[in-house]
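Some features that Swiss-Prot has for this protein:
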- 20-40: transmembrane segment (TRANSMEM)
- 42-62: transmembrane segment (TRANSMEM)
- 68-88: transmembrane segment (TRANSMEM)
- 89-109: transmembrane segment (TRANSMEM)
- 123-143: transmembrane segment (TRANSMEM)
- THR187: FMN phosphoryl threonine (MOD_RES)
- 217-237: transmembrane segment (TRANSMEM)
- 244-264: transmembrane segment (TRANSMEM)
- 267-287: transmembrane segment (TRANSMEM)
- 301-321: transmembrane segment (TRANSMEM)
- 322-342: transmembrane segment (TRANSMEM)
Amino acid sequence: MVFRIASSPYTHNQRQTSRIMLLVLLAAIPGIATQLWFFGWGTLVQIILAVISALSAEALVLKLRNQPIAAILKDNSALLTGLLLAVSIPPLAPWWMVVLGTVFAVIIAKQLYGGLGQNPFNPAMIGYVVLLISFPVQMTNWLPPYEIAATVPGMADTLQVIFTGHTTSGGDMSTLRMGIDGISQATPLDTLKTSLHSGRSVEQIMQYPIFSGMLAGAGWQWVNLAWLAGGVWLLAIKVIRWHIPVSFLVSLALCATLGWLFAPESLASPQIHMLSGATMLGAFFILTDPVTASTTNRGRLIFGALAGVLVWLIRSFGGYPDGVAFAVLLANITVPLIDYYTRPRVYGHRKG
């Protein structure tokens, strides 16, 4: 008889993991479709590039480690990592950026720690932060939503810009980022951060085309509502628990409301925080990662609330417009401590 010595975790249900990942991917469809509608074909191209890169990088590492490639790839975790990173970056970012970010996420942030179940940080957010710090200009080159865009690129222009940096007619990103008012556009949170630093008040900024007649910015409020719909479905079918998304959103809403009441001229309103940027994507699809989140119910409440406070602090006082990725990683650091102090009491033992 031959005994095989394996490292922890000792129990691993491959089929269950694959099914959960697949359900999360299905829940992402409304968010992906809405981003495609408002920002064009670039979102789909980035997803394809990221998924191919993630699967290739994972297969390469598994081969080097003499692990079963096909069996592990079937858990769909690499596919989900690529997808989450792809929908987080600008649709027309250069092709090599999403490849670099995805490869870094899979190899360094996941496989270097031993693979699925052993990584302390969310791999997709590690990849995103590496790209944001290394290439800040390219990572803020979001297109204006089609409803306020002067030019809406088709598939040919999209591919041309992603792979060459220019449209078929010789234009570049500055042309595509032009709004109907002739002014280069950015995301609502980018616009808010830049304009506040220029001395404008929140009331003045709300008159910009990207905010005009909107709760939280053209396109972005619908994107967030779509991710919310997918997240609610995940809750309904019990793929994720309510503790993290609810505590995160309540914490963010509470901080945003208090800040707005005390400084309405310099701090964004609650609806902007709730329905702009990656709020709903983070709440339901990123923070709820079972590997990098707290494992106790009380711990999940603390973990989500902490992330909500961090998002508000970074958005309001930090150097980056959207703080979801940094908040997730900072909250990941605290998980061992949170789990230690929130672990259930063992019956028959006194509290020590």
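Here the Cβ of each residue, glycine as well, is placed from N, Cα and C on the backbone.
Among residues of the same chain six or more beyond the transmembrane segment (217-237), those with a C-beta under 8 A of the stretch's C-beta atoms are 23-24, 27-31, 33-35, 38-39, 144-148, 187-189, 191, 209-211, 245, 272, 274-277, 279-281, 283-285, 288. Same-chain residues lying 6 or more positions outside the transmembrane segment (20-40) and placing a CB less than 8 Å from one of its CB atoms are 47, 75-77, 79-80, 83, 87, 91, 142-143, 145-147, 152-154, 158, 219, 222-223, 225-227, 229-231, 233-234, 237, 239, 280-281, 284-285. Sequence-distant neighbours of the transmembrane segment (42-62) (same chain, 6+ residues past either end, Cβ-Cβ under 8 Å): 32, 35-36, 68-69, 72-73, 78-79, 81-83, 85-87, 89-93, 95, 98-99, 101-103, 105-107, 110-111, 143, 153, 158-159, 161-162.
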